[in-house]
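Each remark here refers to the structure printed beneath this line.
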Amino acid sequence: MRLRNDCLVRLLTSWFGIFCLYEMTEGSAEPPPCPGARRRRLLLSLPNVFPGRTRAAPEPSVPSPPPSPPPPPPPPVSVPPPPSSPGGSESLIECPLCLVRQPPEEIPELLSCRHRSCLRCLRQYLRIEICESRVNLRCPECAERLSPQHVRAILRDPLLTRKYEEFLLRRCLAADPDCRWCPAPDCGYAVIAYGCASCPKLTCEREGCRTEFCYHCKHVWHPNQTCDMARQQRAPSLGVRRKHPSGISYGQESGSADDMKSCPRCSAYIIKMNDGSCNHMTCSVCGCEFCWLCMKEISDLHYLSPSGCTFWGKKPWSRKKKIIWQLSTLIGAPVGISLIAGIAIPAMVIGIPVYVGRKIHGRFENKKTSRHKKNLAVTGGVILSVIASPVVAAVSVGIGVPIMLAYVYGVVPVSLCRGGGCGVTTANGKGVKIDFEEDGPITVADAWRALKNPSIGESSMEGLTSVLSTSGSPTDGLSVLQGNYSETASFAALAGGTLTGGMLSGGRAKYCRLEVQADVQKETCQKDSVSLGAVSDSASTRAMAGSIISSYNPQEREVNNMEIQVHIEAKPSRYQLMSESSTEESLHASAPLVESEDAEACRNQVAACDITLAQPESIRSDLESSDAQSDDVPDLASEEYDSPHLFPPSPSNALQESPPHRMCAQEEGLCAHEESLSKVEIIELRV
């Protein structure tokens, strides 16, 4: 029994040795075993389990089998080195702007973001932005702003850096409402005038400038004019003009004045493309946000106010439309608010639980939770929202309805009437009057449209018209007066008393005809014939020679040739029409003098008539006095003025006028050739 156990122990020991040798030969290619496996292997070895028995047992005489040779190791695998690119192209970085690969030192890193561009592209980009007065510089690839220190480091140009700093200063000062820049050319001096509204005269303190300008209109000081008058005087010089072959300048095209306006803060001119864009504009120079229609700095609620400005329209609402909208809002506000509240309450009571249930269900949908827990959470949320939704609806309606009513009946009417848009005025003890007419001042755009199609006719009667007035003094003459303060350049022709006082009122003629033909060197012209009836020595009428161009500065006036032919037909037996020479303009009219035995009495009573065309500078008549004289004259377009019996003679002069009338009637058959024809050939008017 003992021998059998010794043989079994030796056999197991030999097998274990062979197994360990095999592991040693195979372990060179495998990682070493973990310490736990080695410990288990040592514990399972039989000599360690039975140390005493192995020593006492004699060694067997049976030789152990030779160990098997280990397998040859696998040949080493050579890993080829990575191929090196020629010229070191791995160190080059591609610029995202010009797509050129450049070394890293030519592509700096921006401090505000991680985008990188080459120095050449960055300098060109900054140069373009600064030259166009855009100092809010950003990264070319994103909206991150560039710091001034980084801009200076990239530019390395003293002149461009100075311009950039000047534009930065101007942008900061433009936000100050009391900052005023000197209007003199090449003067960059600014005056910060606090509390100078009552004393608007400012003086530039720069040495060598000393320009005086106005605090309100920010232009050169106008001592004898208001800001509106000075603005109207400067308005024609702002428009771009084109020359007509006749020498008259008109606007370039229709609507060009509406496409170009100046910023209300920095006065930089801005052109708006007619592409259907909105009216909310942002100045790229100073960053001012303003409305293109009213040209005022606005907020986000401007287009919701009753100002009449629309977000997409091309012009603001008229006063009539604003008043109608206001009245309809006041009347329909209770109905509309009640309807909104009636719809909002059930919508909130039903919609809030549905919204809460869907949100809770969507949150638990992607999570591995039990079905019962999910249903419990959704049910609890819906029950709580059903309880809270009526309270939320009541609070919302209770707060929202009073706010809407206060806005409709309080804020809207006050803001509308404060801006003068409601047109409600109180008459002198006659109650409240609502004015629907637009009586605003004439803008540059309106004057520009009026310049496009100048005409001679009925449309020109709206401005200062030519007035042919007569007086009883025989020394009065025919003169031309040019209006300086009217919207359209017009001429006032004053006929002397030699026509009415010396000839017509003398009882030798019942009427005379004045035919005016004006030629402004245009393709078409209009001819008007008017008749003058004499009642008294101061009879006057109003005739328009034509609206030529709108009022502009005298130094910008051009020379236009106007040909006026005046045909004066009268019935006296004899009269003489003489002329006096002037410096530049001449008016000469002559009539043949025919003597007869029957007209000897008439010839003694008719005095010589002189008609003189004076220079425009020689007449300084007031516009109001000219209009006052012309208000008493009837319309000239009527054909009834051609009749000799247009105005009934007064009873006191009836007996005095009838004998000469019979005398002239007898002379018609004998002296038909005595009708005079006077022509004013060419009058050169300096406009």
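Each Cβ is built from the backbone N, Cα and C atoms, and glycine gets one as well.
As the structure is a computational prediction, the values presented were derived from the model and not from experiment.
So that you can see what the record holds, here are the features copied from Swiss-Prot:
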REGION    53-88  region 'Disordered'
COMPBIAS  60-85  compositional bias 'Pro residues'
ZN_FING   95-144  zinc finger
BINDING   Cys95, Cys98, Cys118, Cys121  Zn(2+) 1 binding site
ZN_FING   161-227  zinc finger
BINDING   Cys214, Cys217, His222, Cys227  Zn(2+) 3 binding site
ZN_FING   263-294  zinc finger
BINDING   Cys291, Cys294, His302, Cys309  Zn(2+) 5 binding site
TRANSMEM  330-350  transmembrane segment
TRANSMEM  391-411  transmembrane segment
REGION    618-662  region 'Disordered'
- Query: What counts of helix, strand and coil residues does DSSP assign across the zinc finger (95-144)?
  - Reply: 16 helix, 5 strand, 29 coil
- Message: Need the DSSP three-state call for Cys294 (Zn(2+) 5 binding site) to compare against my parser.
- Response: coil
- Model confidence over the zinc finger (161-227) (mean pLDDT, whole number): 86
- Top Cα neighbour of Cys121 (Zn(2+) 1 binding site) in the set of binding-site residues Cys217, Cys227, Cys291, Cys294, Cys309: Cys291
- Can you figure out which of Cys95, Cys98, Cys291, Cys294, Cys309 (the binding-site residues) comes closest in space to Cys227 (Zn(2+) 3 binding site), comparing Cα atoms? Cys294
- Among Cys95, Cys291, Cys294, His302, i.e. the binding-site residues, the one with its Cα nearest that of Cys217 (Zn(2+) 3 binding site) is Cys294
- Cβ distance under 8 Å to Cys309 (Zn(2+) 5 binding site), same chain, sequence separation 6 or more: which residues? Asn279, Cys291, Leu293, Cys294, His302, Tyr303, Pro316, Trp317
- Just name the most isolated of the binding-site residues Cys98, Cys214, Cys227, Cys291, going by other Cβ atoms within 10 Å of its Cβ. Cys98
- Per DSSP, what is the residue tally for the zinc finger (161-227) in helix, strand and coil? 15 helix, 13 strand, 39 coil
- Extra residues within 8 Å (Cβ to Cβ centroid of Cys214, Cys217, His222, Cys227), Zn(2+) 3: Pro200, His216, Lys218, His219, Trp221, Gln225, Thr226, Ala230, Arg231
- Near the Cβ of Cys121 (Zn(2+) 1 binding site), how many other Cβ atoms are there if near means within 10 Å? 16
- Task: Let me know the most crowded of the binding-site residues, choosing from Cys95, Cys118, Cys294 and counting other Cβ atoms within 10 Å.
- Result: Cys118
